Amino acid sequence: MAWENQTFNSDFILLGIFNHSPTHTFLFFLVLAIFSVAFMGNSVMVLLIYLDTQLHTPMYFLLSQLFLMDLMLICSTVPKMAFNYLSGSKSISMAGCATQIFFYVSLLGSECFLLAVMSYDRYIAICHPLRYTNLMRPKICGLMTAFSWILGSMDAIIDAVATFSFSYCGSREIAHFFCDFPSLLILSCNDTSIFEKVLFICCIVMIVFPVAIIIASYARVILAVIHMGSGEGRRKAFTTCSSHLMVVGMYYGAGLFMYIRPTSDRSPMQDKLVSVFYTILTPMLNPLIYSLRNKEVTRALRKVLGKGKCGE
């Protein structure tokens, strides 16, 4: 393999997204602020769901997994970018690059499948409420979540191994702020066209299959909501489902733009901007989308904060 023919001293160079101009310095600290909000928001939501027994339901268990994935996603890219910017070093080892690719791809892939599981959960809750506790019992819910993690990890292993099976004998400057395999393939001195075609097909399958489940689930959900007699029940169902659909739209919209395009149509700046949205903004927005209009979450937060004040 080409991996064996390359030394680990041959680091890659991450060109990053910011220079040291005043404007870019401001944008860098803005990204750090967004990262801090995303880190705190996702951490708080995971802890809140864990601590409050009333949130120990399939829906909130799945949400906790989404927040955990988002938390790991931002931690796999932003800290290295910040370290490189502040230290003036732009290098990343081959092992570090492979690690970033694995975590980044596995977490995105896992979220892809998890969002489909979450839509199925809403379909069962709204269209088959009497069978919900049986169809979404903890064992089944846990298995579906585990499969989401496993499928995402398998995809990441394949992508990472395939990416580093190519030789990189020319420039080692990656036009990105983290290691992403499309940016690496551009640097390869091998013909990567076959791998890119296989990658394209895999991306289509990984996106189309979950999207088909989401569309089918929400088509039934919308029909059920329309025929609901209770105004309160309709409002609650609409609030929950609209939050999920907003996240699905952001996630798959950015994913389609990022990975379905052929390499020849890629612009480094476009990739960077979409990646900032994908890896930083979306993890920040998810806790806000799911919590701002959710009475159960706000109640749990007040309960935890109330206990903290009493403890003081």
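Cβ coordinates come from backbone N, Cα and C, glycine included.
Considering the side of the membrane named for each residue in Swiss-Prot, L15 and K272 coincide. Beyond its flanks by at least six residues, the transmembrane segment (140-158) meets 58, 61-62, 65, 101-114, 117, 120-121, 202, 206 of its own chain at Cβ-Cβ distances under 8 Å. Packing against the topological domain 'Extracellular' (80-100) from elsewhere in the chain are residues 3, 6, 8, 10-18, 28, 31-32, 35, 160, 163-164, 177-179, 184: each is 6 or more residues past its ends and has a CB under 8 Å from a CB in it. For C97 (disulfide bond), applying a Cβ distance below 8 Å and a minimum sequence separation of six or more within one chain yields F12, C179, L184. With a threshold of 8 Å between CB atoms, the same-chain residues lying at least 6 positions outside the topological domain 'Cytoplasmic' (50-57) that come near it are 64, 296-297, 300, 303-304. Within the topological domain 'Cytoplasmic' (50-57), the DSSP-based counts of helix, strand and coil residues read 5 helix, 0 strand, 3 coil. Shown in sequence order, F166, S167, Y168, C169, G170 are the residues of the chain, 6+ apart in sequence, with a C-beta less than 8 angstroms from the C-beta of C189 (disulfide bond).
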